[in-house]
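See structure below.
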Amino acid sequence: MNPTEHWASLLQRCLEAENRIAGKSIHAYITKAGLLHLGLYLTNNLINFYSKVRLFSDACKVFDEMPLKNIFTWNSILSMYAKSGQISTARIYFDQMPEKDSVSWTAMIVGCNQAGRFKKALQMLLAMVRAGYPPSQFTFTNILSSCAAIEDHIIGRMVHSFIVKLGMSSCIPVANSLLNMYGKCGDALMAKVVFDRMRVRSVSSWNTLISLYSQSGRMDIARSHFEEMSERSIVSWNAIIAGYNQNGLDLEALIFFSRMLKETRMAPDDFTITSVLSACANLEMLKIGRQIHAYLIRTEMEVVGQVANALISMYSKSGGVENARRLVEKTVVSDLNVISFTALLEGYVKLGDLQPAREIFNSMKHRDVVAWTAIIVGYVRNSFYKDAMELFSLMVSEGPEPNNYTLSAILSVCSTLASLEHGRQIHSKAVRSKEGLSISVSNALITMYAKSGCIELARIVFSQIISTREPISWTSMIIALAQHGLGEEAVSLFDRMLFHGVVPDHITYVGVISACTHSGLVEKGKEYFSIMQNTHKIKPTPSHYACMIDLFARCGKLEEAQNFIKLMPIEPDAVAWGSLLSACRVHKEADLARIAAERLLSIDPDNSGAYSALANVYSSCGRWQEAASIWRLMRDNGIKKEKGFSWIHIKNKVHVFGVEDGLHPMREAIYEMAAKMWVEIKKAGFVPDIESVLHDVDDELKEKMLSLHSEKLAIAFGLMSTPENTMLRIMKNLRVCNDCHNAIKFISRLTGREIVVRDATRFHHFRDGFCSCKDYW
């Protein structure tokens, strides 16, 4: 071996061993011994060594000191800068080259592709072809990688045609790159064409095709190809397992994992474990998840990075939140991602244990929108509305931009509290962030405005998304109209929904039958109940049956309601018996009320409403002793009657009133206004409905009790606290009584105010002495 080859061989060994010090020592010895004059071969090897071990300044120094340079010298320095991402510097050397070859152009293309400058790589290929340099298979694999990255199948097909023209389509690396490109672009048809034309198929070829079909949801075809493989790698198993997991077929993912362990000697890697733990999490299979964790411990597999995160997510979603928390405490924080923290957070939220959930949230360094939304939704689901609103305000001021899930959740709080002002502010926020255009936020806005008494604003929001074919949007509006007593409009909207080809679901039918119930449209309700079963093949649920019972009973068809109950294939639930009981109270059917109450209490023994309703039916029929016995029974059983109260929002503050409320700081002024209001409406022709007082006392006391009902006190306060002609919105937890209903009609006419009252079942819009319910509620 001559001296040049000897030293070049030693440099190659240093390169293979990645021994920088030894390589630099050889360079020093060669220089000291004056051996650099031996030729370009040795100096080129020095540049190649320094560039490969990333000692760029040393490589440049050798390059600059060379009196003569050949194309290999230039390509080495060019490749060094290109592959390190220093494309601008590489371009300078590229432009200075006295001559170029295909390697030079390919080096630039590889550098652009690796640096993420995919379009620049394509431009370099065009320039290369125009300059007359033939691309190599290495050129094409990088160009196809660029096409895949930007998912440009049009240019990809042009490159494919060029490859065929050059006769390189049978080259396995190029064919695999073509498969990958078509796969990333979602073109399964062309990928299959490439695959079928391959004379020799590597395991990588099969893996690419399986991954492609998995990603497009065609697990049947992916499995078929998997079974055809004569040889499989861990990547093959990962592709099929991950495919099942990502397509929601988690049980199949676990079956294939078990099969892999039984049929092969392959050890699962991080990707395998991550997929199967994800499947366990989705199926909430804590036992299987623990077995996989035990396998990791037994095989001493490192629980770090994505495996640690998947394990934490599995425990969090499967009910093992304490295990998940211990893992978090043991794991290096830098290894954890926001997904695992959020999964743990959601695990505690799911259990309703919000204190540790909040502690985890507060400990998170990087809280993304998913984490914020998870804790806000947790507060909402567990009825901690104040905490939800406060956290949302904090998110707006210092957190990420709320997404449609966050906005929908917080709008549901506004709906529950009927907080119109907060709802409007969130609507403005949604419009500014463009989330107001999303279906979920629009649906939440419809519900919020409807439950806050602003049916007009609900209509406006719905008109902006009416083109959607999502049944939930139509359903939200139908239910909103039903709640506001606009049954005929709700029915008309339902018919429009069918005309536009939007298929109703079971909730839509609950809404439209409920609309018929509130408007006395008995025949229409019966018709829809039949269409639901016969046309849309929807099996009635307890909610549908309850609506039908309410439909008959509310309009006095109690015998028909009884017959309907007898023909039901299922036992009526508490809601159904409650509807019948309420109707008995209105129509003074004491005997049927007793049967309904007994059946209701057999389902829900602690239902105070059943005792109260039955006692009230007896009282309204003058059966005072039986009413008293029900009250005694209620007291003896330790059941407390639900007290009626009303509330009103004034300047973002909620004012709550009970019957004969003595706690409000403005009590004297409110009572004075209520008394004045009472006198004025009586002068206008109002006659108190003393039958609404279900107590055996004299008429004068009955009238006094009626004048101090909670909704009348709330209206008196509203009249005192708001400018003239301002709409008043009153909320009540129970059904509004006949006396208050009539009184508010007179108040609306005398004051010129529109008064909206939301009681336990619906909205009443009082205007100019009339109510939107047309006295049917």
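From the backbone N, Cα and C atoms, a Cβ is placed for every residue, glycine too.
Marked as repeat 'PPR' by TrEMBL: 70-100 (among others). DSSP labels the residues of the repeat 'PPR' (70-100) in these numbers: 23 helix, 0 strand, 8 coil.
Among the features that TrEMBL reports, repeat 'PPR' is placed at 101-135 (among others). Regional average pLDDT for the repeat 'PPR' (101-135) in the model is 91.
The annotation repeat 'PPR' is assigned in TrEMBL to 202-236 (among others). Look at the repeat 'PPR' (202-236): DSSP puts its residues at 26 helix, 0 strand, 9 coil.
Among residues of the same chain six or more beyond the repeat 'PPR' (337-367), those with a C-beta under 8 A of the stretch's C-beta atoms are 281, 308-310, 312-313, 315-317, 319-321, 324-325, 328, 374-375, 377-379, 381-382, 384, 387, 399-400. Residues or ranges marked as repeat 'PPR' by TrEMBL: 337-367 (among others).
For 368-402 (among others), the entry in TrEMBL reads repeat 'PPR'. Note on the repeat 'PPR' (368-402): DSSP counts are 27 helix, 0 strand, 8 coil.
When Cβ-Cβ distances below 8 Å are used as the criterion, the repeat 'PPR' (470-504) is approached by residues 439, 442-443, 446-447, 449-451, 455, 458-459, 462, 510-512, 514-521, 524, 528, 532, 536, 762-765, 772-774, 776-777 of the same chain, each at least six residues removed from its ends. Per TrEMBL, the feature repeat 'PPR' maps to 470-504 (among others).
What TrEMBL lists as repeat 'PPR' is 607-641 (among others).
Look at TrEMBL and you will find 685-777 tagged as domain 'DYW'.
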